[in-house]
Amino acid sequence: MSWELLLWLLALCALILPLVQLLRFLRADADLTLLWAEWQGRRPEWELTDMVVWVTGASSGIGEELAFQLSKLGVSLVLSARRAQELERVKRRCLENGNLKEKDILVLPLDLTDTSSHEAATKAVLQEFGKIDILVNNGGRSQRSLVLETNLDVFKELINLNYIGTVSLTKCVLPHMIERKQGKIVTVNSIAGIASVSLSSGYCASKHALRGFFNALHSELGQYPGITFCNVYPGPVQSDIVKNAFTEEVTKSMRNNIDQSYKMPTSRCVRLMLISMANDLKEVWISDHPVLLGAYIWQYMPTWAAWLNCKLGKERIQNFKNNLDPDLPYKFLKAKKD
């Protein structure tokens, strides 16, 4: 082979590879590392069997679907949230798979804001199953209100629930994992923990706090390579998170039903989460475009992202004031993409 031909082939590859990556990105519903793991990585069916998994926020949405898909893998489940009746419903749904028995699922009601109860809850799990292999920090609430109209108590509640509660439970479970020198801490964050948006200032703050905390904690536990961390950043997913979101008062939530057809199906989000857990990925972004693209812009071009955020934010706020879905701009952009 002549040098001229070799150089020509190298130049052709240099042109084709970026084009292939661009096409992959345009079709992506997660970051490319996660999608590569989905294609070539380890399967959850191989890696996550025979484990004890504790899921908070398990009464609906991502937490419920995660419990359901984990039940198919034959794990022992601990289901926690405040609503005991809903947890029992989720338990029945998991048992319908036929892979688990009553003794394999522990319903453990838990209020993340009641940090004094976390130590006893952890002991209850260890007494029931003898170990905790995976803690999934999924509990939390969102927010839909303007900063100047929002009572300070709402911001306190968001920090106490989304951040302090998660930190507290993690601190209770970690000594057990350190003693065993193994375990997984999975934290369901949000794209809002990367790219801040209007009407969710307190929620964004709590999610940014989680990102900083778990990145720092990971570095502190470097001497325990068997303890791994996975921070999951979903975009819009079909769930009740907006319906249950705080508004300007702690006692008020959105409670209005909105169109969720443009959001990612919960089952797809959870499947990608399981793949990230099976492959020990440290940080994963799970979202359709244009939100996924927005996360990349925030990461690599923050000045431009801030300008774009202000432009879209005006429309979000106007829709909110008109009692419309604030996310209509993203819905429109996704419809154009589809």
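Glycine residues also receive a Cβ, built from the backbone N, Cα and C atoms like all the rest.
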Record says SER60, ILE62, TYR203, LYS207 bind NAD(+). Source is Swiss-Prot. Which of SER80, SER168, SER239 does it list for that same site? SER239
For SER190 (substrate binding site), what is the secondary structure by DSSP, using just helix, strand and coil? coil
Structural state of SER60 (NAD(+) binding site), classified by DSSP into three states: coil
For a quick check of understanding: among the binding-site residues SER60, SER190, SER239, which residue's Cβ has the most other Cβ atoms within 10 Å? SER190
Cα distance (Å, whole number) from SER239 (NAD(+) binding site) to SER190 (substrate binding site): 13
Tell me whether LYS207 (NAD(+) binding site) sits in a helix, a strand or coil according to DSSP. helix
Counting across all protein chains shown, how many other Cβ atoms sit within 10 Å of the Cβ of LYS207 (NAD(+) binding site)? 25
